[in-house]
Amino acid sequence: MEATRNLVSSSPSFQTKTHLKSSYSSPSSVVMLHDQTTTPVVNSRHLNSLSRHFPASVLSQEPREESRPLSHALRDDRTSQLTLERRQFDELVSSREDEKFEQQLLHSTGLWNLLISPLTSETKLPAVVSPLADAELCDVVALAQKALSASKQAALLVDDTEANPSDNIKDSLSTSSSMSLPEKGNIVRSKRQLERRAKNRRAPKSNDVDDEGYVPQKTSAKKKYKQGADNDDALQLFLWGPETKQLLTAKEEAELISHIQHLLKLEKVKTKLESQNGCEPTIGEWAEAMGISSPVLKSDIHRGRSSREKLITANLRLVVHIAKQYQNRGLNFQDLLQEGSMGLMKSVEKFKPQSGCRFATYAYWWIRQSIRKSIFQNSRTIRLPENVYMLLGKVSEARKTCVQEGNYRPSKEELAGHVGVSTEKLDKLLYNTRTPLSMQQPIWSDQDTTFQEITPDSGIETPTMSVGKQLMRNHVRNLLNVLSPKERRIIKLRFGIDGGKQRSLSEIGEIYGLSKERVRQLESRALYRLKQNMNSHGLHAYADLLV
């Protein structure tokens, strides 16, 4: 029984769940095992934990066998008193350590599944009790070696299980192992844990499911906003910040609007002072005009501006909802969001709480009006009036209706009938609302040929037309030879032939000293003679060249 008691007090590999952590977390337990084989010292902490699992017969035999050697020891009062005091002290210390260790295990959620399951299947305490009860002192060394091998196996299992654990489990293991080490004996610090931590820091963390079934939680909203936004995503940049996700209650909205109304009153007084004094008033003058102190004025201004910003930010999603309805109408999505924001800010200034509706209901129409107005003015190179846009919208709706009915290519007459206008007005509308193209725009995406390179210039005559006009001029000069010199000169001055400008009858009369009537008579007679000879010269071939 003496050997049994020494083995129980020294062997750390036959502990229960509460002391299983301290048995393999550090190699110091192995050092204590070899020290206690030579000098047996009872460790009350392990003895108390193991006594729970020993049979009652073994525990009852131990005091009977110990009574014989203790009967001689009781003669020395001093020795017995020291022994009792030491046992009481050890029991008190072990009870406190047990309570601390149990609290640590309760806070560490994954320790039982990680550490206890592989060891409880290999170490069965009741199976070891029977050989330990009859063991001799010579067998203590052999049993200690077995305990040492078991502790090494446990340490290897811990190394395998700690390959992919979280940092909090590692910290709890190291903390509990350091607290459960015995105070006596040499402590050997292992560097494996430091090496594993350094290796885990260098290794990239994966988001996949771990071996224990741990699934990482989704990133919270704040973490997502801290990660940054994509510069190309206009919607993400516009709704940047968690404030845009918060909805306001009716009470909060009424409070913010009251602060904004008070700020508008302050700004109105400031504008009045500017018009009176011709310059911007100071804070003191402004506060005196309002009948309040300067600190109170500053506080009201700050509160009003922050309330206005909060109200605008909370309704930005309404701007996005309305802007999406006007996409692909000539403005990109960013411009629609900006124009809608301007309408929202204007609605904040125009809103009256006495209207009896929520702010979002009132702001909807201001946002819509601002976006529509911007489309009318800026969506086209040539600005069109609003009524033309309304008519174009009706034409577009008529096309959609015809497609839904099965007519995928409606004629102009059918569209005019759906819209309620004439065909001529529809043609004029479609002609005036054509989208102009840039002459520098490439015709094909894979080539650099532009419209300017292939579009002919209507101001430049073709070689065929130029030669035809030259022949016509020579033919006309030959035809004028049938007239008298005076008539020929009057015709040339009257119609600007040979590069001259056209002259009036009075100007020609002044040149020849004739009246206007006489010049007209000469002109009529000359034209009549030309008509008589035109058929014989074949001038009808030049009819296409006359403009």
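Yeah, the Cβs are placed from backbone N, Cα and C, and that goes for glycine too.
Not measured: the values here are computed from a predicted model.
Copied over from Swiss-Prot:
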type     : residues : note
MOD_RES  : SER94    : phosphoserine
MOD_RES  : SER95    : phosphoserine
COMPBIAS : 172-181  : compositional bias 'Low complexity'
MOD_RES  : SER174   : phosphoserine
MOD_RES  : SER176   : phosphoserine
MOD_RES  : SER177   : phosphoserine
MOD_RES  : SER180   : phosphoserine
MOD_RES  : THR249   : phosphothreonine
MOTIF    : 335-348  : motif 'Polymerase core binding'
DNA_BIND : 505-524  : DNA-binding region
What is the pLDDT of the DNA-binding region (505-524) when averaged and given as a whole number?
89
Could you state the whole-number distance in Å separating the C-alpha atoms of SER95 (phosphoserine) and the residue listed as 'phosphothreonine'?
56
If you count the C-beta atoms lying within 10 Å of each candidate's C-beta, which of the modified residues SER94, SER95, THR249 ends up with the smallest number?
THR249
Mind checking which residues reach the DNA-binding region (505-524)? Cβ under 8 Å, same chain, six or more beyond either end.
486-487, 490-491, 493-494
Roughly how many angstrom lie between the C-alpha atoms of SER94 (phosphoserine) and THR249 (phosphothreonine)?
58
